[in-house]
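Novice: What follows is a single structure, and I will ask about it in a moment.
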Amino acid sequence: MGADDVDEFSPRTPAGRHFDQARAEAAVRELLIAVGEDPDREGLQRTPTRVANAYREMFAGLYTDPSEVLATVFEENHDELVLVKDIPMYSTCEHHLVSFHGVAHVGYIPGESGQVTGLSKLARVVDLYAKRPQVQERLTSQIADAIVERLDPRGVIVVIEAEHLCMAMRGIRKPGATTTTSAVRGLFKTSAVSRGEALDLISRT
Ligand SMILES: Nc1nc2c(ncn2[C@@H]2O[C@H](COP(=O)(O)OP(=O)(O)OP(=O)(O)O)[C@@H](O)[C@H]2O)c(=O)[nH]1
Ligand SMILES: [Zn+2]
């Protein structure tokens with residue numbers, strides 16, 4: 001398959017872009033040459049294929065529609081906080097293409113219709129946006145906005161705590177430094193009491 005040929009099963013982004021396996025493999029081979037390696041030595045022969053497969057997986061969220069992930073919604077007449085804590089999260093820094101990883105905490109208060117979603121769906125939304133080239137601030141906001149759009153809740157709070165390998169293994173080299181970001185919507189923005197209660201539950205071990 002040539003670099004521009006894409007089979008009909010290649011995953012596509014909503015904008016119609018696709019994962020191009022042949023091109024990804026060629027790029028990895030080029031990178032190995034650029035760093036002074038021999039891509040034909042035995043240990044590296046399958047590396048372009050492996051790395052392309054890994055990137056396909058790491059960026060799988062580019063090809064998934066968030067509304068599909070939050071499709072399961074049901075009425076429970078629950079009008080208080082639902083909080084899923086410590087969701088493991090692996091994303092990729094869009095500046096250096098290395099990992100940033102940690103945990104996400106996602107909470108919401110259902111809207112007047114009392115509609116809730118499956119708990120696993122909150123973790124799926126985290127995954128979907130994490131599996132893209134990202135910055136932590138945008139990842140946090142996108143998760144919150146997707147939940148607002150689908151569930152029309154009274155409020156949403158998303159907190160992400162992560163270590164960026166681009167700050168640990170290279171550059172400033174500060175392993176262990178963590179970055180915390182939050183996105184609050186609705187009641188969690190307008191009410192300091194609601195926000196404080198949620199943050200208290202999130203920080204409790
Ligand atoms: N705000 C924000 N910054 C990030 C994130 N991930 C990486 N960065 C930062 O992006 C910045 C890119 O800075 P540049 O000066 O363009 O790149 P650089 O020369 O590689 O920078 P250093 O990492 O400081 O060596 C760095 O300060 C990173 O720490 C993120 O999720 N959010
Ligand atoms: Zn980075």
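Even glycines carry a Cβ here, placed using N, Cα and C.
Feature list, courtesy of TrEMBL:
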- 25-202: domain 'GTP cyclohydrolase I' (DOMAIN)
- Cys93, His96, Cys166: Zn(2+) binding site (BINDING)
Novice: Near the Cβ of Cys93 (Zn(2+) binding site), how many other Cβ atoms are there if near means within 10 Å?
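Specialist: Excluding its own Cβ, the number within 10 Å is 18.
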Novice: So for His96 (Zn(2+) binding site), how many other CB atoms are inside 10 Å of its CB?
Specialist: 15
Novice: Name the residues of the same chain, 6+ apart in sequence, whose Cβ is under 8 Å from the Cβ of Cys166 (Zn(2+) binding site)?
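Specialist: Correct list: Cys93, His95, His96, Val98, Phe100.
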Novice: Could you give the mean pLDDT over the domain 'GTP cyclohydrolase I' (25-202), rounded to a whole number?
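Specialist: Here the mean pLDDT over the domain 'GTP cyclohydrolase I' (25-202) amounts to 96.
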Novice: Reduce the DSSP letter at His96 (Zn(2+) binding site) to three states and note it down.
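Specialist: The residue in question, His96 (Zn(2+) binding site), is coil (DSSP, three-state).
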